[in-house]
Each structure stands twice: as C-alpha cells, then as structure tokens.
C-alpha cells in the first residue's frame, strides 16, 4: 500500500510539473506572438486612413452631386461612418496585442472620447459641406458669410457658430487627442531586451512610407501640428528613459517611432521647400491686360466709357476702371481654381466649373453653367482657362447681385461725385448703350422708381428701387 501511495505521489508531482511546463510554454508562445510585428493591424490601419480619411473629400469631388441629395448622407459621410467604426476597433486590437499590461481604463476612456469626437465632426463636416454647396465662403467667419449674416431671427447665427465650433474645434480635439494618446499608451508597452525582437521586418519597411506620408498629410493640414509634435517628443523622452534601463523598442514600437520620425523629416523638408514661396509670404496679384479686359466683358457701361487720353494708356484706363475683383478675391479664385487644375496646365474641366463656383460662394444652377459654356463655345467635356473662368465668375456674381454692379456703373457717370445724375443723362445711357432699352421701357422704369423725366436721379435710391425683389402675390 505504501509503495502504491508513493508511486501515486510521484505521478501527481510529475503531472503538476508537466502542467506547469505546458502552461509556461503556452504563456511564452502567447508572449512571443504578441511580440511579433503586427503587419495585419498596421496594414489595415494605414489603408483605411488613406481611403476613409484622406480619400473622403476626393470621393465627394469625383462623384456627381445629383447622386446624393442635400437632405441625405453623401458618399463622404458614409466613408466617415466607416472610419468611426473601423479605427477604434483596430486601436483596441493593437492594445490587446500589447505584450505588457496597459491601463485599460485610460484606453477605454480614450476610445469612447474618440468615437464621440469623430461623430461630432461627422455631423459638423457633413452640414458644412452642404453649406459650401449653397454658397458658404470658408475664408469668412460665420457672421460675415453672405448666406448667414441676414438670417432671421439672429439667434440662428449663434446656432451656426456653435455648429462651426463643434466641427472645427471641439470635434477635432476630441478626435485626435484620444487617437494620439492611444498610440502613445501602446508605444509605452513596446520595449524589450530581446535582441531578435528589435528588428523591423521587410513588411514593416514597406509599410513605413505610406504610414509616414499619411501623418505628414495630417500635420501639414495644420489642425494637429502641435499635438503631433508633443506626441513625438514624448516618444523620444520615453525611448531615452527606457534605454537607461537597458530596454529598447521592439519591431512594433520601432515601426511607430520610425513613422513619426520620417513624418518630422518630411515636414521639415516641406517647410524648407516653401520657406521663400512668394505666394505664401505675400499675396500679390499679377494679372495681364487680357484678364482686366475680360473682367469688363459683362458691363456695357464700363466698356463704353473706357477711353484714352494723352497721358493715360488704354491699358491703364482698363486697369483703373475695370477692377471688379480685388487682388484678394483674385488670389482666392486662383487658389480654388488650382485645386481642380488636375493636369497642372492652367485649365480645369468644364464639368468641375459648378463645383469651383459653388466653393467660391456663388450658387449657379446647371442651366446657368450650360449658358456660361455656350457663351464661350466650350464643350461640356472641354476645358477652360483662368481668364475665361473669371469672366464666367463675374457674370454669375452679376446675376446674383446686380445691385452693386448697377450702383458702380452709375457712380462712374457721376463725375462730380454729388450722389445724383440728370434723368436725361440716365435715359441716354439706357437707350443708347449696351442692351438698349426703348423709351417706353425707360418711362416705365422711371415711373416705378418715382423719377421725373426732367429731374435728377439719386442713383443709390434708384438702384435700391429697381433691384427690389418682385412682390409674391
């Protein structure tokens, strides 16, 4: 009996040792698996960043506006929704594969905040996109935008300012601060003393370029520059601190650190390359004579009054009397035009004309776009240069806001700057220049504006009267 008990005791001890060894082996295998380079996660994270984030505005430009009504989500909105789901999922998988125990509460809090911030930005960005298509001008503040400043009641303007705050400030902060915080938390668990785990595999080197280039895009966009640099400096401090303990980065930490390092290098090269760029340092308008001539195309009053005397050349006269656009406006138009100049030849496709015009604050219809192209004999599949675009832009703005155009033309007639002109002089202009009116039509116009045929015309009041919207019965 004692011999049997001894044998059983030895067997139980050997079984315990075997179990412990197998458990230790499983743990070591799991540990080694976590230490491997996570090519699948890094690949999908980089790919979805490029497609769902960077590619989002490109898709909205490429796909026709008619496919996505303004009261329904656009293609960019669906891309944003997918990004808001896939990105936090991949971040959680990264944390799960960390070889070291990380503060889970902090990670979960960051994930929740990330989803909330990205969702806020989704709504704000979607509405902002529709406002742009309706004439919202990005270079102006909310209260200065033509489509918003006259809203009634005025409390609606406060609502739009709140929307802008959620989109451009709060949404971005709640989106990107948790994003980089999670990356840094994961980075703190990527240190090891095993030499074989400190090398970046070939797949990592291949993925390094696209990853760094995406972060470069985020930084140069200007919204997260400070946050990115703070995260990178924190990584550098962490690397120095861990090296003092004899630890160094594993393959995953090395990939993340190299991505950020290459991004900093790309940003530095970008800054050096554009350091002396005159367009960025000084917005200066250099416009040829043809450009100024095209700006006068739509206003017969100005064309008929341009003349040359002994001291002023025809070109100078055109330049002084034909500045319908300020240098700032022309620079703004040129910048937007260049974004759609895909071949870098100084031309845009005719199909992009409506998008460019709407981005610059006008609201042309498809019929108006067709008329612009027909006037210049441009096919719908053709191209147009910047001077033609300015002519079309001027005509479109003239159609949408004739008041300023008429007032400016009448001011040119008032040589003594008294604020009024003779009714007979105005009649002569209307019946002899440009698209001539008949005397009967002028009489009806004068009657509507309460102007006596032998009297004087206060041209500001006259302009106000003739540009009043028709009464809706």
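Heads up, the Cβ atoms here are built off N, Cα and C, so glycines get one too.
Here is what TrEMBL says about this protein:
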type: COMPBIAS; residues: 1-10; note: compositional bias 'Basic residues'
type: REGION; residues: 1-25; note: region 'Disordered'
type: COMPBIAS; residues: 15-24; note: compositional bias 'Polar residues'
type: TRANSMEM; residues: 41-63; note: transmembrane segment
type: TRANSMEM; residues: 78-95; note: transmembrane segment
type: TRANSMEM; residues: 107-124; note: transmembrane segment
type: TRANSMEM; residues: 173-193; note: transmembrane segment
type: TRANSMEM; residues: 200-218; note: transmembrane segment
type: TRANSMEM; residues: 224-241; note: transmembrane segment
type: TRANSMEM; residues: 253-275; note: transmembrane segment
type: DOMAIN; residues: 328-363; note: domain 'EF-hand'
type: DOMAIN; residues: 401-436; note: domain 'EF-hand'
type: DOMAIN; residues: 437-472; note: domain 'EF-hand'
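Residues 74-76, 79-80, 82-83, 86-87, 90, 93-94, 97, 129, 204, 207, 210-211, 214, 217, 252, 255, 340, 352, 355 of the same chain sit 6 or more residues outside the transmembrane segment (41-63) yet have a Cβ under 8 Å from a Cβ within it. Within the same chain, residues 37, 42, 183, 186-187, 190-191, 198-200, 204, 207-209, 211-213, 215-216, 219-220, 228-229, 231-232, 235, 239 sit at least 6 positions outside the transmembrane segment (253-275) and bring their C-beta atoms closer than 8 Å to a C-beta of that stretch. Counting Cβ pairs under 8 Å to the transmembrane segment (78-95), the stretch among 173-193, 200-218, 224-241 with the most such contacts is 173-193. Averaged across the domain 'EF-hand' (401-436), pLDDT for the predicted model comes to 69.
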